[in-house]
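Copied over from TrEMBL, here are the features:
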- 19-40: transmembrane segment (TRANSMEM)
- 60-78: transmembrane segment (TRANSMEM)
- 90-112: transmembrane segment (TRANSMEM)
- Cys151-Cys174: disulfide bond (DISULFID)
- 213-237: transmembrane segment (TRANSMEM)
Amino acid sequence: GAASIMETKPVITCLKTLLIVYSFVFWITGAILLAVGVWGKLMLGPYISLIADNSTNAPYVLIGTGTVIIVFGLFGCFATCRGSPWMLKLYAMFLSLIFLAELVAGISGFVFRHEIKGTFRRTYTDAVLNYNAEDEASRAVDNLQHNLRCCGVYNYTSWFASVYYPSNGIPASCCFNSSDCNQEDLRNATAAPSKVYHQGCFELVTSFMETNMAIIAGVTFGIAFSQLIGMLLACCLSRIITANQYEMV
């Protein structure tokens with residue numbers, strides 16, 4: 001009776017503290033996801049039309065997930081403070097669902113990365129060939145070329161086949177020095193190469209993806225692993241409280 005309560009009390013306190021800290025960190029990751037989703041919606045809006053055939057729901061998925069995690073992070077803190085076994089079990093179940101969803105997302109991202117590259121190559125080539133300097137896709141191409149300091153799909157010669165080139169030359173977003181870049185030079189196949197970036201955008205973006213693949217995978221599995229820790233904590237606490245409930249009057 002009394003002795004075992006003396007032993008389990010510190011264990012319960014310790015587990016509760018750990019789980020509250022964990023839930024708080026979990027809550028912060030939710031807030032970060034929410035922020036990334038909102039940032040993606042605002043900042044990457046113009047580029048999204050290039051990467052996906054139709055406008056993608058990725059930012060909304062992030063915003064939704066972030067919100068759900070914020071709610072459940074708070075629920076986790078509440079469940080822990082209350083020490084309610086069924087609430088803790090519900091929390092553990094939610095964490096396991098998130099864990100599975102992350103594994104699925106991580107694995108499918110890894111499996112489909114070549115398809116993602118293929119889609120990007122296709123949509124970006126289309127955007128270059130049909131560039132008119134006015135529509136959304138064209139603005140996205142300009143932003144991409146200007147910000148990443150690249151030109152064309154594989155290099156600047158991609159532009160020679162576009163509908164824009166015969167009358168206007170290579171777009172000004174390819175120039176590395178905007179002050180020394182007139183349309184006359186951009187229309188001239190001999191003068192243009194000395195004025196524009198030589199790095200192709202497709203190569204640049206995909207090599208960046210390949211280089212950072214390991215980091216992205218590491219982060220995903222790190223987060224997934226932390227979900228397992230939370231599940232274990234919540235389950236242990238729930239079991240110990242249930243086992244000692246009849247003594248803790």
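Placement of Cβ uses the backbone N, Cα and C atoms for every residue, glycine included.
Residues 58-70, 72-74, 76-77, 80-81, 223, 226, 229-230, 233-234, 237 of the same chain lie 6 or more positions beyond the ends of the transmembrane segment (19-40) yet place their CB under 8 Å from a CB of it. Residues of the same chain lying 6 or more positions beyond the ends of the transmembrane segment (60-78) and with a Cβ under 8 Å from any Cβ of it are 19-20, 22-24, 26-38, 40-41, 87, 90-91, 94, 98, 230, 234. Panel annotation: around the transmembrane segment (90-112), residues 69, 72, 75-76, 79, 213, 216-217, 220-221, 223-224, 227-228, 230-231, 234-235, 238 of the same chain, lying at least six beyond its termini, place a Cβ under 8 Å from a Cβ of the stretch. Cys174 (disulfide bond) is surrounded by 25 other CB atoms, counting those within 10 A of its CB over all protein chains shown.
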